[in-house]
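As given in TrEMBL:
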TRANSMEM  20-42  transmembrane segment
TRANSMEM  54-72  transmembrane segment
TRANSMEM  92-115  transmembrane segment
TRANSMEM  127-147  transmembrane segment
Amino acid sequence: MFFPPFPYCQFIFSNCVSGIVPSSVVLTGFQVMSRVFLTWAVTHSVKEVQREDGVLLFIIAWTVTEIIRYSFYTFSLLNHLPYLIKWARYTLFIVLYPMGVTGELLTIYAALPAVRQSGMYSVTLPNKYNFSFDYYTFLILVMISYIP
């Protein structure tokens, strides 16, 4: 059984809180939770999207980004930062950021038909809590939230 990567979240947050990495805890929190959402609530939950090109795009972008980021932090802590890693840290985001966003959006978009058909994670009225939630609409709102 698959569980969201909570040890990963704990690791990232502890690095921010302790000051090992100079990143905002709030911004890092949004990034980690969006990654957990995309990997668990979309890619893992909607089997139909697991072979989509969008998944490959965002996985490659995230992986390369993290390798560069943590290499940069490690060498900076050792006071021996190679120019190539510094260059990659401040240049490759020009390609990696749009690549990751495109992969994420393509993956969510590919999940929409299956989510609509199955009613996955949706709660309909009437129920004892007098509450409804439509996961399909939520995914569309998530996609729109990428604009700002």
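Numbering starts at 1 and runs along the chain as displayed.
Just so it is clear, glycine is given a Cβ too, placed from its N, Cα and C backbone atoms.
TrEMBL does not curate its annotations; it predicts them automatically.
Listed by sequence, the residues of this chain that lie at least six past the ends of the transmembrane segment (92-115) yet keep a Cβ under 8 A from its Cβ atoms are 38, 42-43, 46-49, 52-62, 64-65, 68, 121, 135-136, 139-140, 142-143, 146. Within its own chain, the transmembrane segment (127-147) has Cβ neighbours under 8 Å at 37, 42, 101, 104-105, 108-109, 111-112, 115-116, 119-121, counting only residues six or more beyond its boundaries.
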